[in-house]
Amino acid sequence: MGDVKLVASSHISKTSLSVDPSRVDSMPLTEAPAFILPPRNLCIKEGATAKFEGRVRGYPEPQVTWHRNGQPITSGGRFLLDCGIRGTFSLVIHAVHEEDRGKYTCEATNGSGARQVTVELTVEGSFAKQLGQPVVSKTLGDRFSAPAVETRPSIWGECPPKFATKLGRVVVKEGQMGRFSCKITGRPQPQVTWLKGNVPLQPSARVSVSEKNGMQVLEIHGVNQDDVGVYTCLVVNGSGKASMSAELSIQGLDSANRSFVRETKATNSDVRKEVTNVISKESKLDSLEAAAKSKNCSSPQRGGSPPWAANSQPQPPRESKLESCKDSPRTAPQTPVLQKTSSSITLQAARVQPEPRAPGLGVLSPSGEERKRPAPPRPATFPTRQPGLGSQDVVSKAANRRIPMEGQRDSAFPKFESKPQSQEVKENQTVKFRCEVSGIPKPEVAWFLEGTPVRRQEGSIEVYEDAGSHYLCLLKARTRDSGTYSCTASNAQGQLSCSWTLQVERLAVMEVAPSFSSVLKDCAVIEGQDFVLQCSVRGTPVPRITWLLNGQPIQYARSTCEAGVAELHIQDALPEDHGTYTCLAENALGQVSCSAWVTVHEKKSSRKSEYLLPVAPSKPTAPIFLQGLSDLKVMDGSQVTMTVQVSGNPPPEVIWLHNGNEIQESEDFHFEQRGTQHSLCIQEVFPEDTGTYTCEAWNSAGEVRTQAVLTVQEPHDGTQPWFISKPRSVTASLGQSVLISCAIAGDPFPTVHWLRDGKALCKDTGHFEVLQNEDVFTLVLKKVQPWHAGQYEILLKNRVGECSCQVSLMLQNSSARALPRGREPASCEDLCGGGVGADGGGSDRYGSLRPGWPARGQGWLEEEDGEDVRGVLKRRVETRQHTEEAIRQQEVEQLDFRDLLGKKVSTKTLSEDDLKEIPAEQMDFRANLQRQVKPKTVSEEERKVHSPQQVDFRSVLAKKGTSKTPVPEKVPPPKPATPDFRSVLGGKKKLPAENGSSSAETLNAKAVESSKPLSNAQPSGPLKPVGNAKPAETLKPMGNAKPAETLKPMGNAKPDENLKSASKEELKKDVKNDVNCKRGHAGTTDNEKRSESQGTAPAFKQKLQDVHVAEGKKLLLQCQVSSDPPATIIWTLNGKTLKTTKFIILSQEGSLCSVSIEKALPEDRGLYKCVAKNDAGQAECSCQVTVDDAPASENTKAPEMKSRRPKSSLPPVLGTESDATVKKKPAPKTPPKAAMPPQIIQFPEDQKVRAGESVELFGKVTGTQPITCTWMKFRKQIQESEHMKVENSENGSKLTILAARQEHCGCYTLLVENKLGSRQAQVNLTVVDKPDPPAGTPCASDIRSSSLTLSWYGSSYDGGSAVQSYSIEIWDSANKTWKELATCRSTSFNVQDLLPDHEYKFRVRAINVYGTSEPSQESELTTVGEKPEEPKDEVEVSDDDEKEPEVDYRTVTINTEQKVSDFYDIEERLGSGKFGQVFRLVEKKTRKVWAGKFFKAYSAKEKENIRQEISIMNCLHHPKLVQCVDAFEEKANIVMVLEIVSGGELFERIIDEDFELTERECIKYMRQISEGVEYIHKQGIVHLDLKPENIMCVNKTGTRIKLIDFGLARRLENAGSLKVLFGTPEFVAPEVINYEPIGYATDMWSIGVICYILVSGLSPFMGDNDNETLANVTSATWDFDDEAFDEISDDAKDFISNLLKKDMKNRLDCTQCLQHPWLMKDTKNMEAKKLSKDRMKKYMARRKWQKTGNAVRAIGRLSSMAMISGLSGRKSSTGSPTSPLNAEKLESEEDVSQAFLEAVAEEKPHVKPYFSKTIRDLEVVEGSAARFDCKIEGYPDPEVVWFKDDQSIRESRHFQIDYDEDGNCSLIISDVCGDDDAKYTCKAVNSLGEATCTAELIVETMEEGEGEGEEEEE
């Protein structure tokens, strides 16, 4: 490989990169330098400071040097060189001179190579001379207007090409297929050309170009390294052109070469190729098209004109040029070049003379008036993303401008080189503000305080200039000097101002609590009027003022507080402005509030037109940010939205800046405006997007700015925290208890921090408590006091990121009082500034901020507001959608479709099945409407109307996939009824419906309805549509039909009359009667006028009432309407028409109309309207429905992760979130009775009954007959039997269980069905009883002269209630009767005072709250005193703890030839676990007793795991470790023969009644544990599952223990860096959870946890669930604060402290543990103070309860040995009922073995998830349903999450996920729409791993050709 040199140069900069070939071979060890953030060219004013900065990477660390004219630059004088951490570097040139201009070369070198980048410094004035053009420097404060638009093309004319979807980067493996796809629009149909680099691609065997479903597709089969490069899709038509590029790269390609693309295989030693890299603004074909058509790439001479510059093409009209400019994508990236041959390639960018432009373009407003703030025009720059190596942004600063030469060189806009800073000072201090201003001519500087000029005053204020700086000096600051100061610099070019604040703190003054000297007064106003609320407040310090409306913070009004007078100004009052206004005043001593009621009377409709245009307030006001920017931290590749809310009169104009440079709208940066809200959307952030973002707003009255820092972080594995359900703001009274709840998610599970007013809550106060139920966290404030009020913040953190949410707690009727000093007062600061939305959701520290209420003047118009006379030109930057739609709104004829659509459509009633059979006649016009509207790219979450409290921020933070054109969720094919306008209105981004407000997306086929605002919407007039649509779009004919044409019939319907146009006056006819009810005349034709006199218009006798309903409860709305003829009823929710579905039942019985929803969801909240229509007119009434959140205990986990559920949960049939328009039926003669799906109107609650009692379960049903009722249990239909009876009737069904037994427990489901649908309900039945007898045979051990220890098993079933105690009964040979001996709680008892000449038998009964069980089996006859010689278990040979018995260590090989039954007698079962079962074995030869661990191993992987465990145990021959002595394998069965230990688990032994726990015993146990683990570590092995269950006592009397269960053990030696992701949450170390390398110290953490619990009975990290436990472990926070540690020695605490270190390097090892002073203590002579065992008992009870959860548990556990009994060598003479076989009944040993193996219950082994059935690609028709089915295997049961492209799917009525007990998983998508066309992925995860499968859903919409030919021609 030869040297590679890449050079890119222009008239501004030159960049070159070199690669040293000698370093390539050593790439894995070293890395050549690479500029990951290269420095940029600068254009600086003379005298200013220039700073080149960038970032370089490489290994070793590269050295950065700077050169100019071949000479190195050294740091000193005006030049400052700096190299920072992580490769950052900079060159700073102070006081730039003319001679400093020129090119600077930055070189980064290390041992692996060198890189260079050349940049250019242009000093203002020199640049113009160099190019022969005047230059306009880009400064922070200057302005320019959008170009003027004098003429516009016809609305039906040509449209330049556009990209509707983005071309994404493709990364494939070599040999795979690479696929690029994008969607384009334009008229006429654009011609598509694909290029690689600049060379057009020709179809071949490997390269195919096609169009699929409107997508342009390029496929490259068998990708190799020659195919790597940048591919461009070029689209051209007669109206313009557009192009978009993306890179194809091969996965695994050497990282040093990945930044280049091999473009040619040159054989020359030197090849020089020059290409142009300039954007042409011409709308006709330029060089790129010419290259595509001629397939040649000409090479112009350097410095000359490009080849197309000489073409004498006619100058295109200015408007075409403007549209082309607007529509053009961002600058095509420079083509990177990959060189692998022995040659040198230079890529040179040619210089292009800028195109002349008409002077003054864009300076005038539409009315021709000059702008009030003139500013020199500035060229638009198009930031180009080039994350590749050494990329540059090359921008022609003077392109496309023709500026007169005169006066430009000698003038410059004012600029602040340095600005005054905000200060806080004490009274009487001297304050000095300094600023430095530049500009030509020299600007004049003026100072202002709160808008009032500040002038020099002798002895107090000095204003002067010194050494080029301007100063304002306050000699003695007073409190009255506090406020906002501003400085204005102005010259002939314009003016610029900046502002800051001064806070002068009063010296020690007597503090006074707030109080009102005058309070608010009630008032009444007429809609549209302004009003002011005023009160006087006093207090020291000055109280903070917060205004509330109906208890919620006000976001849109202007408030002032001057001289103790607080005022709230409401302009242009709306009906929703009425309510209770509260002024809340607070300071450090307390808070006080006063309230007033404001009534807003509606205007008469005759004056409706008066407020169609906003009334401009008379007094200009400077801009104010109601919501500013806040700092953001996001992941690389995330989508970010920054939103501000700004008010002012006239409406301010806004620009966005990044690090002081103005941001231009491009493919990556979008600007959006919704009324007073302005947003900057970054589609995909890169590290170079890090920096300070500033939003600057100005109008004629002043300007203001806000800024924040965006930090782009490298991605981590996992998911950033987010709120499943957000908390709500709370208003409470003194003394009440308050709950603030939220549900959270994240991976790893986040830690939760609660803060008030920015400070962490202190747990020591005792006034609050934080509760957790799985992922639901609740803050409980008991008996709230005034100091509890304030802003509460919930901060979530994990290693991926953090998220926060704020809510406010406000107190009602607080009396002013002084608080004790030191008490922290509440703070309600930020409430007005948008800190908390009206829904209480709070502001999230993410890029996307949800609006609360609509801003003032906004209504529901997103892009039309505020444009009045200023029009499009006044707007700072237009969004991309302002092309033909913006023109169309001005010229299209306004048409009223109500005449045709509202009546005279004869239809026939069709069922859904009928509709699906006639798709050819059912024409869906939405497909055509959708193509006319080209919406912006929005996230999937923004398209959905979701609850204010449930927002999924992953759509912001996750890496986005290919952008798709959003389409609202659609409905089945339209029936012959009112057409659906949602596809027009839904094309624009919707406002989320919040606080009961509505997106109001549809007009209900009546444009007039849009004039009535919904909820908080501002009246916007009948001609203004809702959402983001233009008026012309709203009223545009459907399907591209001509406006004057007859509407195409839908279904079999034929319209009776032609579409008639309506005047604007007719559209405005709309009469309001009262607030909640509206009646109007629908007709404008003669026929309709005649029909009015033939009947009575509808009227509501009973109106709808506002409703509050809890989530999951039934919602019922009813109203009564009278009319003649009978009216047709239409229901709408938030403007969307409802229809009967499986979830929503609409009914009409006579005059009673109702809506019924069985289980209300958050999406059911909003404004419901009932519209009644007949020929005589129409009426409507409405109500607001609020769906309150379910209680915290009912909140579920993150909805997108779905766990397998039992068969009892039947999937409900899906409904739709966005339902179709209701059919319009002919006016019936008699009121029809609507057919209804079945409803279950009565059903029992969960029941608990005693065994033997009878149970009746009755469900009452209603609906259209016939209805079939079916009872099921666990998804299987219940068959009648002697115990169960089913009785069905017309109105219900009853299930009777005559005598309930334990097997009748479970979940019962009643399924009711008719032809219209189905419904189901479930009830849980619990049968309680006395417990079963204790299992097995009681066993006597430790037999002495007059005592013994009796032990037994617990009951196999506790009867539905926990066993409370055991009753022990005794039989002796003298009395020969059974009598009760004692009662105890544990499963062992020490029996005393036995006589040596008697024989005894024992039996045990279990007792719970329902009674006493039958007795257990009888023990064997036992005598005390001298025991006969008999074989003994070696573990019982000696109780002397100091002497270990002899152990027969064996190296085990697995016997595959013989069976376990050949050598051992298999006796009773001792226990079972997930691995299999444990049986007692007696060796035939020696009669020794062993334990047999029987595994079921079905796969090779499972067998290998068991073999690995045996192999590890062969290395672990130590007295403290349980020994494996034999092993057998036969087919799927593996048996390990193990040493038996009978003392039970260590902690079970400790809580025995007869055990005395002291610190001495703890030392003995910990010493043995350390010895055993030390030996394990010396063999190079880690245990990884140390926990109490795996520490077994040798017997029930001594203190010797053994460690068991090596199923998770791993060899560390030779393993390199080992990472695992398993263990028991409570005992696992932080590095395991974080998936970091583990070591021997990982076991030491577990030892520390065991020791902590052993000495205290408390667990340091146990939470209420595993997620909380894992979070506690990750944070590694613990203490000895509990009183349990009062009795523990300091040595013991020190021992624990040195083990529970988060950094594993700082933990003790086993050798150090054994040498620790605590374990070195003399246990024989030390003081033994008894420790309490109560906490240990509670801990064990809690741990047993927790084991029923879904913890990440270890495999292969031998903890069941805790219940081993019957340790004597004799076989039971009677046999054991629990034994798997009875040897006497079997004929041969072979039968014995076979019968045993069959008896071992097949328990599932642990298996990584896999798909036994995968999802398949689907192709469906729009409007139908799609279903993906798969089957998932794995154990533990995998959890499932579905993805649409890269977005996780949350279950809703549109997406339903079903996952049953058998592993069948389905995703059902109802009412499929074009937006559902995507790739779907099912991901299954359990503790062993994950699996995914993917399929594509293709949605067929109408053919592209249909409707296209019907465009209007003028």
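Our numbering is plain: 1 for the first residue shown, then up by one each step along the chain.
Even glycines carry a Cβ here, placed using N, Cα and C.
Reviewing Cys435, Cys523, Cys535, Cys561, the cysteine that Swiss-Prot connects to Cys487 via a disulfide bond turns out to be Cys435. Swiss-Prot records phosphotyrosine for one of Tyr471, Tyr1652, namely Tyr471. Between Cys535 and the candidates Cys473, Cys583, Cys681, Swiss-Prot annotates a single disulfide bond, the one to Cys583. Among Tyr792, Tyr1308, Tyr1366, the residue that Swiss-Prot annotates as phosphotyrosine is Tyr792. Annotated by Swiss-Prot as region 'Actin-binding (calcium/calmodulin-sensitive)', the relevant range among 185-225, 923-963 is 923-963. Checked against Swiss-Prot, the residues Tyr581, Tyr693, Tyr1353, Tyr1635 yield a single entry marked phosphotyrosine: Tyr1635.
Across the domain 'Ig-like C2-type 6' (721-821), the prediction's mean pLDDT works out to 81.
Neighbour count (other Cβ atoms within 10 Å of the Cβ, all protein chains): 26 for Asp1585 (active site, proton acceptor). Helix, strand and coil counts under DSSP for the domain 'Ig-like C2-type 6' (721-821) come to 6 helix, 58 strand, 37 coil. Under DSSP, the residues of the domain 'Ig-like C2-type 5' (620-711) split into helix, strand and coil as follows: 3 helix, 60 strand, 29 coil.
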